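What follows is a single structure, written as structure tokens, with notes after it.
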Amino acid sequence: MISLLSELGIKEPYLRLLVVSFISLLIGIIVRFLFFKILFLLNKKKSRRTVELLQDRFEGSIFLFLPVLIIHTLIPKFGLEEDFRSALHIITEVLIIVSFTIVVIRLVFFLQDVLYGKFNDDSDVKGRQVITQIVFFRKLITFVIILVAVCLILMQFDSVRKYGATILTSAGVAGIIIGFAAQKTLANFLAGLQIAFTQPIKIGDALYVEDEWGWVEEINLTYIVIKIWDRRRLVLPITYFTEQVYENWTKRHSDINGTVFIYTDYTIPVNAIRRKFEQILEDTALWDGNSQIVQVTGASEKTMEIRLLMSAKNSMISWDLRCHVREEIITFIQKEYPEALPKTRLELNHLPDSKT
């Protein structure tokens, strides 16, 4: 390329650098276009989704690496001044490391996206177990990649090279572990590994924690995000889930039983409630068709307690189902047995004679 520029009469070093930079960027754009065009042509329609994921993740990243690599390779042939050449050499090396790191990280994300498509099913416990491990190890691998990249960048500078070399070679893995051991971060990190392998919780699990109920939205290296039912987010350190007590409603399976309590007068026929309850469940798609039980679970001097138990596919649907059943049963009692609504009885005996 340099000889071609010489033939064209471009001998000024900085002009050569500018022209080569432009040509390199153009090459990157062309390679990008051809790369995805060939992928779309070679893949069948059933694999089109994978190609789209690849394009989403790698668009622009891999093609920054190629132009920088070309410029870095041709630096000695530009005829630049020593100081400027040394500075440009370091800059391009740093850019190569950064761009290559971005490519590798995006590759990790792409693999996660592909696996997501195979296992991402909220009703499949095994799938959610795999997703939890995928997400955790994706974040762990990303952290390690960034750590290595930072060390390699540090090693490009003479004044700080010893720090990068120390992290990567002198201290080694043991040095990293010892460094973390002095911090609380290590406890969180080890707790994350424990959760990834033993899986007391998984992404998508329904939890009751800190007097709130919601779903596990994120499992990060040091903290976990719970999505509360009212769209708030509860952020807890990951060690909380290895040290504290909490309820996991979907540990083994996602389906769950829900209950509704109705308080009525003793005059209401329980069988009428039972028949209406069965009808309500049969008429709604919220019920999964498994459990339906009506029982009198309590009695006081004023009312009797009727428990309606029903099952649903998951905790969110269970909440909607319970609200629906509660509303329908109350409406039924109001229309058919208004006299059976809770009331207070007052009986007066031996009234004194009134005197006028």
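Note that Cβ sites are derived from N, Cα and C of the backbone, with glycine treated the same way.
Note that this is a predicted model, so its numbers are computed, not measured.
Annotation comment: TrEMBL describes 185-251 as domain 'Mechanosensitive ion channel MscS'. If you look up TrEMBL, you'll see 14-36, 57-75, 87-109, 136-157, 163-182 marked as transmembrane segment.
Only residues 6 or more beyond the boundaries of the transmembrane segment (87-109), in the same chain, are considered here, and those with a CB under 8 A from a CB of the stretch are 17, 57-58, 61-62, 64-65, 68-69, 71-72, 75, 80, 138, 141-142, 145-146, 149, 152-153, 156-157. Per-residue confidence over the domain 'Mechanosensitive ion channel MscS' (185-251) averages out at a pLDDT of 85. Here the domain 'Mechanosensitive ion channel MscS' (185-251) has, by DSSP, the following mix of helix, strand and coil residues: 18 helix, 25 strand, 24 coil.
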